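Per TrEMBL, these features apply:
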- Cys322: active site (ACT_SITE)
- Cys322: active site, nucleophile (ACT_SITE)
- Glu356: active site, proton acceptor (ACT_SITE)
- Gln188, Tyr216, Asn221, Glu237, Asp297: S-adenosyl-L-methionine binding site (BINDING)
Amino acid sequence: MSRPQFDPAAYAAQLQEKTQRLKALLAPFNAPEPEIFESPREHYRLRAEFRLWRETGSENRHYAMFEAGDKFTPIMIEDFPIASRRINELMPRLKAAWQGNKVLSFKLFQVEFLTTLAGDALITLCYHRPLDEAWQVEAEKLAAELGVSLVGRSKGKRIVIGRDYVEEELTVADRAFRYRQPEGAFTQPNGEVNQKMLGWAYEVLGERQDDLLELYCGNGNFTLPLATRVRRVLATEISKTSVNAALANLADNAVDNVTLVRLSAEELTEALNEVRPFRRLAGIDLKSYQFGNVFVDPPRAGMDPDTCELTRRFDRILYISCNPETLAANIQQLSDTHQVVRCALFDQFPYTHHMESGVLLERR
Ligand SMILES: C[S@@+](CC[C@H](N)C(=O)[O-])C[C@H]1O[C@@H](n2cnc3c(N)ncnc32)[C@H](O)[C@@H]1O
């Protein structure tokens, strides 16, 4: 993550610029006016990742970040107002702990914080050395002192002290959903805005009598509330860690109309096009679904052309995107059969040019 230029006075103008950019990208498709969902101006980011910068000739290490494109000029970070209050409270306490403790600080090069609106916290410490018993003893003391879970990482090895996930609670249409969000897998960075996105998607999908196909479902962030709107859901995701979290989240929330399969979007497309069978789909009767709706939330690259083509089969395509350029390219591919009937801008990433958006496409 490069350093966002924190400047609350500039927030409104930056959001206006993003709104204009989204409108311009969606103008060729006669999209309606976007609904705008603002972010808190500070303490909105639930995750933060810092490199550590070691003073020359000393073992003192400092939190550091870099501007995009410049890996050599560290910017020392003492506090980080865009990050959650919990991260800001933990940062100096963690730094004091490693400055006074060689076992914890030796070859420590990166620190990652993961927190939740519900107040949970997990810290990942990344090392350029193997982790031994002495490290584990000190790390256990530190985890207890800070009241967090701790993960030590070194060359593909991982030691977990406490849990390897944080617990979150998000409310959608007056129902509270409990989530576990695993370390090392995707989570939405801006909790308040995420909750607004879930509410928007829930409202826009509406109450349906048929089924929903979900691609790129992650830890089940959208799956849980959207499952309450339809008869059945078939949800897919590529990451094993996220799939395991999603399975736990479905069980914890007693959501029982979802079938979850670990498949890439490309593999699912092949399965639905009967290009080849997949063992992971054994026992699932794809033909038994009455899919009227598809929900997608792909990574920045958007949907590949074949997956995008697959979504054309559905009357309703609900699309959340973290990259408006690839969103526009996908809509372009679908525009002869589908039209944009709702759209929204979710300001997940204040003080950066990044934006999250959502569209509902319906068959013409
Ligand atoms: C933007 S995240 C959205 C996750 C989830 N909807 C959420 O709100 O947390 C995109 C997800 O797509 C998954 N992913 C990336 N490439 C994929 C692919 N080719 N097929 C399926 N899932 C993929 C990632 O692991 C990640 O969980």
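Cβ coordinates come from backbone N, Cα and C, glycine included.
Feature map: annotations from TrEMBL on the structure.
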residue	record	Cβ neighbours (10 Å)
Gln188	S-adenosyl-L-methionine binding site	25
Tyr216	S-adenosyl-L-methionine binding site	22
Asn221	S-adenosyl-L-methionine binding site	27
Glu237	S-adenosyl-L-methionine binding site	28
Asp297	S-adenosyl-L-methionine binding site	23
Cys322	active site	20
Glu356	active site, proton acceptor	26
Cα distance (Å, whole number) from Cys322 (active site) to Glu237 (S-adenosyl-L-methionine binding site): 17
Cβ-centroid neighbourhood (8 Å) of the S-adenosyl-L-methionine site, Gln188, Tyr216, Asn221, Glu237, Asp297 excluded: Phe186, Cys217, Gly218, Asn219, Phe222, Ser242, Ile320
Cα-to-Cα gap, the residue listed as 'active site, proton acceptor' vs Cys322 (active site), nearest whole Å: 4
Site diameter for S-adenosyl-L-methionine, Å, by largest Cα distance between Gln188, Tyr216, Asn221, Glu237, Asp297: 15
Residue pair Tyr216 (S-adenosyl-L-methionine binding site), the residue listed as 'active site' - Cα distance, angstrom, rounded: 13
Between Asp297 (S-adenosyl-L-methionine binding site) and the residue listed as 'active site', the C-alpha gap once rounded to whole angstrom: 8
